[in-house]
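I'd like to ask some things about the structure below.
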Amino acid sequence: MRAAINKANSLGGFFSLKFIKSIKSMSSSSQEFVSRPVIKKVFAKHQKEGDGAVVRRGISRSEQKLLDPFLMLDEFSVSPPAGFPDHPHRGFETVTYVLEGGITHQDFKGHKGTIYAGDVQWMTAGRGIIHSEMPEEEINKGLQLWINLSSNEKMIEPNYQELSNSDIPRAEENGVEVKVIAGESMGIQSPVYTRTPTMFLDFTLQPGAQIHQNIPESWNAFAYVLESGEGGGVFSSSNSSPVSAHNVIVFGPGNDGVSVWNKSSSKKLRFVLIAGEPIGEPVVQYGPFVMNTQAEIDMTIEDYHYGKNGFEMAKYWRSQ
């Protein structure tokens with residue numbers, strides 16, 4: 001969770017050509033649409049994180065092989081004085097999506113700001129960042145997604161992209177509303193540049209509504225349910241059992257994409273649908289450091305300890 005800063009610092013373009021070519025039409029009617037099967041469900045249990053904060057961890061290391069390039073998904077809830085004080089990252093990206101309240105972030109390169117409900121910050125940690133993420137209001141909730149970087153991008157310079165709530169493209173049709181944080185849906189595209197080709201969609205389905213979302217065949221995909229009424233969220237097959245809030249639904253490979261129905265008679269269904277192109281490289285993780293080999297992890301720990309190779313300010317900087 002970092003600041004809103006240098007909107008797409010020296011990115012040189014919004015969508016990679018590879019990303020555009022891999023996505024055709026990103027939403028479909030139900031006619032002849034074949035949904036991916038659900039292969040795993042994970043209930044996100046509470047656990048402590050940071051300094052007094054509580055998260056629901058939906059994706060952890062046990063899901064990484066199924067969900068390459070994704071490393072972690074947390075639904076966080078934090079109130080002062082708890083928070084996520086000064087800590088480092090290297091080798092991946094974080095996407096912070098605030099659902100309620102606000103998060104104030106600052107880092108050792110001088111970036112500082114606050115993202116509020118509906119805002120998104122896409123941070124590329126690259127070769128190294130030390131930052132803090134602290135609650136702005138009494139109640140602060142949101143999602144943080146970790147996305148791996150390929151070996152040739154793990155040591156790039158850190159970078160930020162930010163979208164305010166009002167800037168996030170959205171569409172609405174037949175009882176379905178989508179906010180397109182990354183990728184494309186219902187004919188609209190996000191301006192976010194994704195180094196690892198990624199789709200991040202926030203769907204709200206009114207009672208009785210359904211959506212059939214295309215996903216590139218080679219990508220891995222999952223959903224995370226934020227809100228669901230009794231009998232509400234049904235994924236992949238209209239005859240499937242409903243899925244309650246705080247569950248991750250992991251989809252199998254292939255087919256056209258994902259089908260979802262809201263079978264609640266009175267409550268809306270809200271979920272995020274996230275998909276990405278697998279990197280297919282070894283993952284070695286040590287806390288907030290994600291590299292390809294143990295030797296690279298050892299070097300990262302040394303860099304952080306001695307303040308070099310991207311962590312030059314580590315010994316001197318403290319958040320305010």
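From the backbone N, Cα and C atoms, a Cβ is placed for every residue, glycine too.
From TrEMBL, for reference:
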{"type": "BINDING", "residues": "His87, His89, His131, Glu133", "note": "Fe cation binding site"}
{"type": "DOMAIN", "residues": "56-147", "note": "domain 'Pirin N-terminal'"}
{"type": "DOMAIN", "residues": "201-310", "note": "domain 'Pirin C-terminal'"}
Sort out for me which one of His87, His89, His131 has the most neighbouring CB atoms within 10 A, since those are the binding-site residues we care about.
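When each Cβ's neighbours within 10 Å are tallied, His131 leads.
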Per DSSP, what is the residue tally for the domain 'Pirin C-terminal' (201-310) in helix, strand and coil?
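The composition, in the requested order, is 13 helix, 47 strand, 50 coil.
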Determine how many residues of the domain 'Pirin N-terminal' (56-147) DSSP places in helix, in strand and in coil.
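Looking at the domain 'Pirin N-terminal' (56-147) with DSSP, the answer is 7 helix, 61 strand, 24 coil.
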Over the domain 'Pirin N-terminal' (56-147), what is the model's mean pLDDT?
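So the average pLDDT across the domain 'Pirin N-terminal' (56-147) works out to 95.
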